[in-house]
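*Asks:* According to TrEMBL, the protein carries these features:
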TRANSMEM  B:12-35  transmembrane segment
TRANSMEM  B:42-61  transmembrane segment
TRANSMEM  B:67-92  transmembrane segment
TRANSMEM  B:104-126  transmembrane segment
TRANSMEM  B:138-156  transmembrane segment
TRANSMEM  B:163-181  transmembrane segment
TRANSMEM  B:211-237  transmembrane segment
TRANSMEM  B:258-276  transmembrane segment
TRANSMEM  B:282-305  transmembrane segment
TRANSMEM  B:317-336  transmembrane segment
TRANSMEM  B:356-375  transmembrane segment
């Protein structure tokens, strides 16, 4: 029993450390990936403008959703 | 007269034991939860029906020659069904939010503490008479804390097939209960001001990055953790099919038709493991209790990790998103969004929570690989 418990404890420690080390490695790989995968200039320009457009529609949508939520809360109180 | 006796002996009524009836009742309860309460109906419905079929006396569904026996041997004994489901999940997963904010990977790692703490808890439970979990059993039970059905079934089929029925039922039931289990823990560990924190908008992620990511994950896994490659490999294949953009038909099949077909058979096969001998004992109660503990610890450690990161980070981090690290995609992220909205009515955390959420899927697959390597 005692021995089993200490074994379980060791597995807990090694397991948690391995998970963290592995995902930290992946984190570094992602940083490399990001540098490696930067798109050509023209691409970023168009994606930026489309991002800007999306933000404005996002805001409109957000306003609509907030209004709907308020209306719902008002009706259901 | 003798003929009548023979006929009577061939009916279910004469052969019914109370155990069979009790297990059919369990099946009926699962059907009720699926249909009436809408608890993970896609899985609990076939599981519940499979449980009823498997316990019909004299019908022999579970013996060589019976259909459930073959479905189990073909799909779960071999590990094929959970892996096919994982491919479909990969094809459904968008890594964009994770790539936009890679640090959330650490939240997915922290939430796996639920798994390893439960492994310790399962062994500690052996102190109570009536419990006798081996290290393999404990590992298979602990993976419930990964909140990931296919991973739990895959690991249980490899480490502890006798407990598979109870483990799968616990995993899927608790995934359905995420909206009830998580919020109290999240609120306990955070202040209202912390819950109201707004996060910066995520950057756009390019296609090239999304294509290279599953390949990078696979590369690291095969180097450092080959035991996790069945799960991670199928997941990455599904994700690559999605992001490559050239095999849309395959990606659609993996995330719709294929995963639906496999789900039917997976549910039936899990149901077939709900037999009286393997389910009606005190160990099942222990598994259900440990599963809930695993979920709670996973949620708590995710939130605490997020609080720690918020302290050292320049960009604001809302600690609630840590709770999404327990996978259970996308339910956990939705719960985070809802609790966040309660604190600040115009704060939408859904996309921010999707990062730790998909990180949790990777994290639990990695944890499963570690458990296989250590106790398998």
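Here the Cβ of each residue, glycine as well, is placed from N, Cα and C on the backbone.
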*Asks:* Within the same chain, where does the transmembrane segment (B:163-181) have neighbours whose Cβ lies under 8 angstroms from its own Cβ atoms, ignoring anything closer than 6 residues to its ends? I mean 6 or more beyond.
*Replies:* 30, 33, 37, 39-40, 43-44, 47, 51, 76, 137, 140-141, 143-144, 147-149, 152-153, 156-157, 270-271, 273-275, 278-279, 283-284, 287-288, 291-292, 295-296, 299, 326, 328, 331-332, 334-335, 338
*Asks:* Can the transmembrane segment (B:67-92) be said to touch the transmembrane segment (B:138-156) if we require at least 3 CB pairs below 8 Å and skip pairs under 6 apart in sequence?
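*Replies:* Contact confirmed: at least 3 Cβ pairs fall under 8 Å.
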*Asks:* Hey, does the transmembrane segment (B:356-375) touch the transmembrane segment (B:317-336), meaning at least 3 C-beta pairs closer than 8 angstroms, sequence gap 6 or more?
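*Replies:* Contact criterion met.
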*Asks:* Looking only at the recorded stretches B:12-35, B:42-61, B:356-375, which one has the largest tally of CB-CB distances under 8 Å to the transmembrane segment (B:138-156)?
*Replies:* B:356-375
*Asks:* Would you kindly list the residues that approach the transmembrane segment (B:104-126) from elsewhere in its chain, counting only those six or more residues past its ends and only Cβ-Cβ distances under 8 Å?
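*Replies:* Residues packing against the transmembrane segment (B:104-126) from afar: 97-98, 132-133, 135, 137-139, 141-146, 286, 290-291, 293-299, 301-302, 304-306, 309, 321-327, 352, 355-364, 366-367, 371.
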*Asks:* For the transmembrane segment (B:356-375), find every same-chain residue at least 6 residues outside the stretch whose CB is under 8 Å from a CB in it, and list them.
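*Replies:* Hits for the transmembrane segment (B:356-375): 86, 89, 93-95, 97-98, 104-109, 111-112, 115-116, 119, 135-136, 139, 142-143, 146-148, 151, 154-155, 158-159, 217, 221, 225-229, 231-232, 235, 302, 306, 321-322, 324-330, 332-333.
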*Asks:* Would you mind listing the long-range same-chain contacts of the transmembrane segment (B:258-276), meaning Cβ under 8 Å and 6+ residues beyond its ends?
*Replies:* 17, 19-20, 22-23, 26-27, 42-55, 61-62, 68-69, 71-72, 75-76, 81-82, 84-85, 87-89, 153, 161, 164-166, 168-169
